[in-house]
Amino acid sequence: MDSESNKNDRFSSLGFIMSAVGSAVGLGNMWKFPYITGQYGGAAFFLLFIVCLLLIGFPVLLAELAVGRGGRGNASSSLTKLSGSKAWGALGFLSVLGAFFIMAFYGVVAGWTLHYAVLSFTGNLFENGDYAGLFNQFIGGWAPIGWQLVVMIVTVLVLIRGVSKGIERFNKLLIPSLVVLLVLLAIQAMSLQGAGEGVSFFLKPDFSKLTGESALVALGQAFFSLSLGMGIMVTYGAYVQKSQSIGSATFAVGLGNVLYALLAGLIIFPTIFVFGIEPTQGPGLVFVALPAAFSAMPFGALFGGLFFVLLSFAAITSAVSILEVPVAYATETFKWKRNSAVLIIGALCFLIGIPLSLSLGGGADWMTINGKPVFDWVDFICSNIILPVSSLVITIFAGYVWKGAAEESGLSAGWFKLWLFMVRFIAPILVLLVLLYYAGVIQVG
Ligand code: PFF
């Protein structure tokens, strides 16, 4: 498929919603959202998160989709086309660059989830009981590179087939499977004796924990969780048909994402609390705490295996969306054929992923900067600097520069006014605060 035919390759309306949900639902929902909710005030934090989504996340998501569909280009060219200025395209390019590097490390982590699914089903995961040791030994070795390759091959095979036959079909298959697994695992976790303690850690409202810091954390998570600032929604927006309402799509994607995050918490916390394991966040939660819990559970190998399959499905549908960002850029800018673009960019991300992955094992000196593995640095720079800056670019662009947003959004006059107010005045200020907070420039109590 060449870049010309790619132009008319569009999502069906359900296919688009599933693909956007597939992108939004990812590792962030599983290992970050549940823990920060528990830590920053349970149901009170959850409410705050919903407020952030409604007031800022949804308007920016809608802005990204509208810019993509209006410009019918990639995450950089859409801005150039709509403004007539290459400078905006250059700012948009930042998200293409971010997407490329995010794919390099996200592919590594997605590989870990596949490995753990296999380890769990075979029962090998539960052999020696030292889950932290096992995990640390695994991630710093060579084996993750093989798993990263598997993830990359799957992602490449999906993308080579294009938008409707590749991305859409894949998500239409994986999202329903993901929902079945999620519901099954949630019922299983909630029926464990003593599950209530986990639910209470996750959701018990504690309004005294709502501080400036928790608000910024909620906001950062709302952005990450909707896959904003990565060029994904602009790129996917270009494949949305004119007849689809992007207002309703925004709402459906946001709702799907929240429900998923909620169910993920209802699986994770009951499971670990029942077995007396301390909650934590990040890789430690899913690769260390959860295996310990599964090992103590009847049919733990089965439920653990299913859990890691769920996690890898969530990760791969997000990986597909992020690799499409540089692929769309390359087919349009360099006029590469789609096949070549997917293969070249997939291969480059894989190659960059190798040192990132090896840096986690201590690696050579050049693999660490200030004592931190380059893996962590790339994650930090992409997630905490590039994503908020790109989000800022898109809000300012949609709010002040591009005048066609009203028509493209299809919103009624009242909703449009509200949306414009949010993207003009509220979102840029709050995104800037998140950026300064994560960059360590400001501290809040
Ligand atoms: N919304 C995704 C998540 O919560 O994991 C964010 C994401 C990260 C999307 C990495 C795509 C990606 F490659």
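Placed from the backbone N, Cα and C atoms, the Cβ positions cover glycine too.
Keep in mind that TrEMBL annotations are predicted by a computer and have not been checked by a curator.
What TrEMBL records for 12-31, 43-67, 88-118, 138-161, 173-195, 215-239, 251-277, 297-329, 341-360, 380-402, 414-439 is transmembrane segment.
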**Q.** Folded-back contacts onto the transmembrane segment (88-118), same chain, C-beta under 8 angstroms, at least six residues removed
**A.** 27, 74-80, 82, 125, 138-139, 143-152, 155, 229-232, 234, 283, 286-287, 291, 304-305, 308-309, 311-312, 315-316, 318-319, 322-323, 325-326, 329, 345, 348-350, 352-353, 356-357, 375, 378-379, 381-383, 386-387, 389-390, 393-394, 397, 401
Q: Return yes if the transmembrane segment (12-31) and the transmembrane segment (215-239) have at least 3 CB pairs under 8 Å (sequence gap of 6 or more), otherwise no.
A: yes
(Q) Considering only Cβ pairs within less than 8 angstroms, which of the stretches 138-161, 380-402, 414-439 has the most against the transmembrane segment (215-239)? (A) 380-402
**Q.** Interface-richest range of 43-67, 138-161, 341-360, 414-439 toward the transmembrane segment (297-329), CB pairs under 8 Å
**A.** 138-161
Q: Determine which recorded stretch among 138-161, 251-277, 341-360, 414-439 has the most C-beta pairs below 8 angstroms with the transmembrane segment (43-67).
A: 414-439
Q | Beyond the flanks of the transmembrane segment (341-360) by 6 or more, those residues with Cβ under 8 Å of it | A | 100-101, 103-105, 107-108, 139-140, 142, 144-145, 148-149, 152, 155-156, 159-160, 323, 326-327, 330-331, 334, 367-368, 373-375, 378
Q. How about the transmembrane segment (380-402) and the transmembrane segment (414-439): at least 3 CB pairs under 8 Å, pairs 6 or more apart in sequence, or not?
A. yes
